[in-house]
Amino acid sequence: MYNPKNTDLERDYFPSYHTIRFQDQTAPNLSVQDNFVQLTVKQGKDLTDKQAIKVDHFRYGGQDDRQIVDAFYNDSTSESSPLFVYVHGGYWQMLDITHSCSMVGPLVRRGYRVAVMDYNLCPQVTLHQLMQEFTNFLNWIFEYAEKANITEIHFAGHSAGGHMLAQILNAHEVVTPERRRTIRSLIFMCGVYDLRELWSLENVNPSNILGLNADKAVALSPILWNYTDAKSWSFTKFHVMAAEHESMTFIEQSRVFSQVLENAGFPTNFKLMQRYDHFDIIEETASDDSAIAKYLQEILKL
């Protein structure tokens, strides 16, 4: 569908197979994942241990599950500082908030409050239920911003988090025109926006833990949604990015999703981030001077 020359869809939908790092290892695809897990956990711990960054813990739903939010700030952060919200990836079935804080430091040092959300993983919930969870989170984060008189919000989602972030365009009752005026940017990083191929792949969706069928895969594919309200998003810039060292399927899904948004009237920019893969594009957001950190700063006009 997105890679006419592809003969192995399972491989095309596994980003770890497309890194050019760790080629001296027996299984580079496993090494790049292990490195991501270990490095991002360390980057998160360093925020409070070494960078004098504080964190408040909140719950946007549930009682003893993963519906939690961590809000990061330092002594210079004002209550009404602009807010940056991040949604992690993991194919809706892995990773958690401890792997999701890489970009916090550079943003907090530049005056932002950063909210990192977590969510229940499949198969504890179906993907359809998870999208409703995310809608509930959106209502919570807007109420949080409104109580603090925050008038500038930026959202970013990586991989499956990019897919979930697209729900912000579909949750009309929660994301009202008034709330849209506070959203300055939506940043979709290396996302997957069309589920029609992946839902039937056993390695991606083992034993159908996502709870999908052909019809549900269509209904939950942002690339296929009908967008008719672009005029009410005039305050928001849309940024869709892919990494150079990804499969053609991942790159083309981002490119096509960007085109769908642009055709619908949203002010959209597509960027292929050179030399990055699916993992270090997040890892390097922790470094103030990395190409991806500088690009985010450019988006935020820092």
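Heads up, the Cβ atoms here are built off N, Cα and C, so glycines get one too.
Predicted, not measured: the structure shown is a model, and the values here were computed from it.
What TrEMBL says about this protein:
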- Ser159: active site, nucleophile (ACT_SITE)
- Glu246: active site (ACT_SITE)
- His278: active site (ACT_SITE)
- 70-171: domain 'BD-FAE-like' (DOMAIN)
- 88-92: motif 'HGGXW' (MOTIF)
In whole Å, how far is His278 (active site) from Ser159 (active site, nucleophile) when you measure between their Cα atoms?
8
Between Glu246 (active site) and His278 (active site), what is the CA-CA distance rounded to a whole number of Å?
6
Cβ-Cβ under 8 Å from His278 (active site), same chain, 6 or more residues apart: which ones?
Pro15, Ser16, His18, Thr19, Ser159, Cys190, Ala243, His245, Glu246, Phe250
Mean predicted confidence [pLDDT] for the domain 'BD-FAE-like' (70-171)
97
Among all the protein chains here, how many other CB atoms are within 10 A of the CB of the residue listed as 'active site, nucleophile'?
25
